[in-house]
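Here the structure is laid out as structure tokens; the discussion comes afterwards.
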Amino acid sequence: MEELSKKTLAELRQIAKDLDIKSVTKYKKNELIELINSNSKNNHEKDKKILSNNEVSTNKEYLNEDIEAKEQKQGRENIDNSGDRNKQFINRNSDTENLKPGEKLDNRSYVKTHSRENQNNSRNFNNNNKTSSMENRNQRNNKGNYVPKVVEESKIINEFNTSKDDEVVGVLEILPDGFGFLRGSNYQSTDEDVYVSPSQIRRFNLQTGDKVRGITRHPKTGEKFRALLFVQKVNEENPETCINRKSFVNLTPIYPEERLTLEKSQNEISTRLIDLISPIGKGQRGLIVAPPKAGKTILLKSVANSIAKNHPNVELIVLLIDERPEEVTDMRESINGDVIYSTFDQVSNHHVKVAEMVLNRAQRLVEHGKDVVILLDSITRLARAYNLTISPTGRTLSGGLDPGALHGPKKFFGAARNIRQGGSLTILATALVETGSRMDDVIFEEFKGTGNMELHLDRKLAEKRIFPAVDIYKSGTRREDLLLTEEEKTALWKLRKEMSNNSILEVTDNLIDALKKAKNNEEFIRSIK
């Protein structure tokens, strides 16, 4: 107080400003001294409160650290010994029951520890569940231990309200998107086709050309086709046999060794003549070269009927490409076999699709060890269809034929083979010549040396009304010694030598007369010797 009274007014005003006293100029010297003294006392009390609060906060921090340390220690002890934890919980419950009024129990640390233990236990439980689910998932993904679920046919019928009337049989066509359809007659796309899912195709290793028998369900809302639910048979065998079957390309081709005998009766001269001049074996790749009106259609019909009668176990397929509708009807009514056709009033894409479906169907049968015979009429028209459908290669052969158009027909014709592991695919295709078209001549020249059997028909013989109009000199079979007996080989070689100096008309006419006189080919062979 005395120190402030010694100071000047200007100095007191400066001190008052430092103490945040407002409007210092209106106060006198005595008033400023009193304000300064009162403010200094208030600041001193604030400093004491701040100091006391700091001491309390530091004490709380130390106390919280001690509590957390004790809680962690107690948590570890409780995790190691669950029995002690239960005892402590029971004791604490008893302590709370024995408390007197006014007494309190500090169980904050226990509550925290107990909640932390519950969290740890829940985490361990979740981890165990995740581990078990991962193990189950690994077991499902393990292909070696995975067993596909087998569904009984009766359950399928009951669950989807289907019946035996919903059974379907069709030839599978797999589209580029992975799914497929079961096609009906003539392998055409219709509204009656049945949808096959990609999972079923992968499970049974199905391929284009497989004949599938199964149960279907009716289309749902927004669906157009029926769907295949249950696969009963694939190529009339158990579906499981298709899983490990060998691909057609990986089968070993060999020369034909087993003969397809065409002789049916004494009056069937054409088939008897083929047996002698150019015998056909299982797996033969034969080319029937025929000019117009030489009798090739009648010859094919006779061959088909002979195969169906003498070899009922052989799968016979007659493929007519770009043919007249009336000939299709005549062929279907005349032979006992599958007749697949594409008439000349249909587009070239349809010709190609039908031919490829027939080829795939035959390959699937061969993979199952069966013998298949395809009679194709004609490979010339098939090449013409490919010439109109393929992408141009930029090159052109004489007659306007694109070289890339020959790949499809060669793939078809080259599929004929005898398989060492069992089964065979025999293809007899007709090639048109002397039609006045340069393209037809080029196609024949390309296929001329690809077959291992050729049968040439002659127009002059047909004009003379000599049927079958077979050119004996040009016709023949490669490695015919594998198909003929020793007696037949000796007799036929002798017959060719005697007839080599005569004209075709005389040779064929004399041979047909000799065959008519003999009851069968065996008697004819004996007469030559």
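Backbone N, Cα and C define each Cβ position, glycine as well.
As recorded in TrEMBL:
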type	residues	note
BINDING	Gly281, Lys282, Gly283, Gln284, Arg285, Gly286, Lys293, Ala294, Gly295, Lys296, Thr297, Ile298, Arg324	ATP binding site
COMPBIAS	69-87	compositional bias 'Basic and acidic residues'
COMPBIAS	94-117	compositional bias 'Basic and acidic residues'
COMPBIAS	118-136	compositional bias 'Low complexity'
DOMAIN	165-238	domain 'Rho RNA-BD'
REGION	69-144	region 'Disordered'
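Long-range Cβ neighbours of Gly283 (ATP binding site) (same chain, at least 6 residues apart, Cβ-Cβ under 8 Å): Pro253, Ile254, Tyr255, Pro256, Ala416, Arg417, Asn418, Ile419, Ser424, Leu425, Thr426. Residues within less than 8 Å, Cβ to Cβ, of Thr297 (ATP binding site) and separated from it by at least 6 positions along the same chain comprise Glu327, Met331, Asp377.
Between the candidate binding-site residues, Gly281, Gly295, the densest Cβ environment within 10 Å is the one around Gly281. Mapped onto three states, the DSSP output places Thr297 (ATP binding site) in helix. The number of other CB atoms found within 10 A of the CB of Lys293 (ATP binding site), across every protein chain shown, is 12. By neighbour count, meaning other C-beta atoms within 10 Å, the densest spot among the binding-site residues Arg285, Arg324 is Arg285. Residue counts for the domain 'Rho RNA-BD' (165-238) by DSSP state, with H, G and I taken as helix and E and B as strand, are 11 helix, 32 strand, 31 coil.
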